[in-house]
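Visitor: Quick one: this structure, given as structure tokens, is what I'll be asking you about.
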Amino acid sequence: MLYTLNNALWGPATLALLLGSGIYLTIRLRFLPWRRLGYALRSALGREARRTGGQGVSPFSALMTALAATIGTGNIVGVATALVAGGPGALVWMELSALFGMATIFTESVLAVRFRRRDHRGQWAGGPMYVMEAAFGRRAGRLLGTVFSLFAVGASLGIGSLTQANAIADALSSTFALPAGPVGLVTAGLALLGILGGIRSIAKVTSVLVPVMAVLYLAAGLVVIGGNLGNLPEGLLAILCSAFSPRAAAGGFAGMWAAARWGVARGVFSNEAGLGSAGIAAASADASSPVQQGYISMTGAFFDTIIICTVTGLAICCSGVLGAVDASGAPVDGAALTILAFQTVLGDLGGKCIALFIVLFAFSTILGWEYQGETAFSYLTRDRGRMAYRLVYVLAVLLGARARLETVYLLSDICNALMCMPNLICLMAMSGEAAAAVRHASFGRPLRQKISV
């Protein structure tokens, strides 16, 4: 029953709605997320983005917290799954979903900063639930915000805690023969240290961890691509042909529909455009304006999908392992396929590298999703019980390392789908507010550059 419900919620209609919303918002914003991408990247990586006024975290730290949640095992496992199920052309559709998803994340972040509030500690709290109150009034908005927050808490405990701890334990157990129990204990202890101080302690960790792990993974991926450079033209041709071919290509790859279905699905799962999670992190920033933070936050989809997922996909496609089968004749999928690709150049070290990257990516997701779940929980309880939520979250990390989680995976996917429904309704209703904010924004250099629409 859960499997059927999950397939229905993540079926063609939902994926079309997510992609269609991104297209609509891109047009509504007059393609500004594309036109100003260079400006946004300079702003995100510049010195001013690292400054804070002391009331929240820096815009850069807010971006790293959002990226901590999105750069996860999906960048390794999910890309491989998309390529096996949808053919190499799925990579193109992943990138298209990210290009339009940038407008979605931009709008989420602008609105989240615009309608955020101070909690009882004087810190910023915001996200889709607060925007919903502004959009639909106190009663209807509170109802929609409550629905969103309930599913956000469920997703946080499932996809953010239980499943990530399980991925860490599996990676270390299968590669280094480490027992799951002690691995879970250490992971839970480190997670507790990271989240105990709230968003500020999370931001301190993610601001270092996310850039380091991303650069290391990109370096390893580029080494694999470089080692198979002679196959790169053929791999690129297969990617482009498969993306727009109405028929399955020679060798059994899926046609355009399967490429689009799996590419968009895995792209959304990876960058979370439309789920509303980016807005929660953006609202914590000491941003000089909502639009400034919107530009910085939207680069998350660019880094996560267009850069990291693309490197994974190219490493697989140019290494010749796509289509490989195991001893039983079943297609090699998921992390095993990415490991095969890395082993073509790095040998046995490739498998160990992927295992360590899974550990780092999963741990960063634990930290990023904790803040999102805690903010949603605080909305439900009117800013009470934050410490209790943190302890429950860490307990879920401990339990997840040793549990069998097939049902949890399904429930987490369902919660994600049900998060995006009220969020997209709100984005469509408030898109004019975001467009107006852009029209009236002015910046210096680079954060106060005059923006013309």
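Placed from the backbone N, Cα and C atoms, the Cβ positions cover glycine too.
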Visitor: When you get a sec, could you say which of 115-137, 276-298, 345-367 is annotated transmembrane segment by TrEMBL?
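Guide: Result: 345-367 is the stretch TrEMBL calls transmembrane segment.
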Visitor: Kindly point out the range from 6-27, 28-49, 402-423 that TrEMBL annotates with transmembrane segment.
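Guide: Here TrEMBL associates transmembrane segment with the stretch 6-27.
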Visitor: Counting only residues 6+ away from its ends, which parts of the chain sit with a Cβ under 8 Å from the transmembrane segment (176-196)?
Guide: 165, 168-169, 202, 205, 352, 355, 363, 366-367, 370-371, 374, 390, 393-395, 397-402
Visitor: By Cβ distance under 8 Å, which residues at least 6 away from the ends of the transmembrane segment (345-367) in the same chain are close to it?
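Guide: Beyond its ends, the transmembrane segment (345-367) has Cβ neighbours at 65, 67-73, 75-77, 159-161, 164-165, 167-168, 171-172, 174-176, 187, 190-191, 194-195, 202, 205-206, 209-210, 213, 216-217, 220, 223-224, 226-228, 319, 335, 338-339, 397.
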Visitor: Quick one: do the transmembrane segment (91-113) and the transmembrane segment (208-229) have at least 3 Cβ pairs under 8 Å, skipping pairs fewer than 6 apart in sequence?
Guide: no
Visitor: Which sequence positions outside the transmembrane segment (301-325), separated from its termini by at least 6 residues, show Cβ-Cβ distances below 8 Å to it?
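Guide: Residues 37, 41, 67, 70-71, 75-76, 78-80, 83-84, 88, 90-91, 94-95, 97-99, 101-102, 105, 214, 217-218, 221-222, 224-225, 228-229, 231-232, 234-236, 238-239, 251-253, 266-267, 270-271, 273, 331-332, 337-338, 340-342, 344-345 contact the transmembrane segment (301-325) from elsewhere in the chain.
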